[in-house]
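Undergrad: Got these off Swiss-Prot a minute ago, pasting:
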BINDING   GLY85, THR88  Na(+) binding site
TRANSMEM  7-27  transmembrane segment
TRANSMEM  45-65  transmembrane segment
TRANSMEM  77-97  transmembrane segment
TRANSMEM  106-126  transmembrane segment
Amino acid sequence: MSAPARVPPLDPAILLAISLGGGLGALLRYLISTWWPTPPGHVPWATFVVNVTGCFAIGVLMVLVTEAWVTHRLLRPFAGVGLLGGFTTFSTYGLEIRTLLESGAVLEALGYLAGTVLAALAGVVLGTGAARWATGAARR
């Protein structure tokens with residue numbers, strides 16, 4: 001029988017970086033949703049744009065921190081887990097789909113459901129590709 005995997009000790013600096021990034025990301029998302037409110041029964045474009053933009057940004061970030069740059073050890077936890085994790089939102093996306101369905105906007109809900117997933121995946125692919133192209137990482 002193999003020994004159970006050991007969980008590494010929690011690093012206070014990493015936890016702080018994630019917390020600060022997450023707070024900033026959530027604040028940015030809140031401000032965008034305040035500046036771009038969604039009327040009842042309409043597609044929540046603010047959340048859509050936030051999620052797709054965040055997916056593009058995580059694609060760029062992961063190439064930069066894993067393939068192109070030597071970075072500070074706190075950049076990935078701060079920007080990836082914290083900032084972009086706090087900025088994007090799956091729970092709000094799910095709630096907004098339910099809200100659209102309850103308001104009778106079934107086509108909008110289904111379009112938002114599928115469109116977000118497809119656009120988010122495209123965002124990651126495009127972000128990764130753009131970062132590799134811009135840094136020359138694809139040629140290494």
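Backbone N, Cα and C define each Cβ position, glycine as well.
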Undergrad: Inside 10 Å of the Cβ of THR88 (Na(+) binding site), count up the other Cβ atoms and send me the figure.
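TA: I count 22 other Cβ atoms within 10 Å of it.
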Undergrad: For the transmembrane segment (106-126), I need the partner stretch with the highest count of C-beta pairs below 8 angstroms, choosing only from 7-27, 45-65, 77-97.
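TA: Comparing 7-27, 45-65, 77-97: 45-65 has the most Cβ pairs near the transmembrane segment (106-126).
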Undergrad: Can you name the residues of this chain that are 6 or more positions from GLY85 (Na(+) binding site) yet have a C-beta less than 8 Å from its C-beta?
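TA: Once residues fewer than 6 apart are set aside, GLY85 (Na(+) binding site) is near ILE18, GLY21, GLY22, GLY25.
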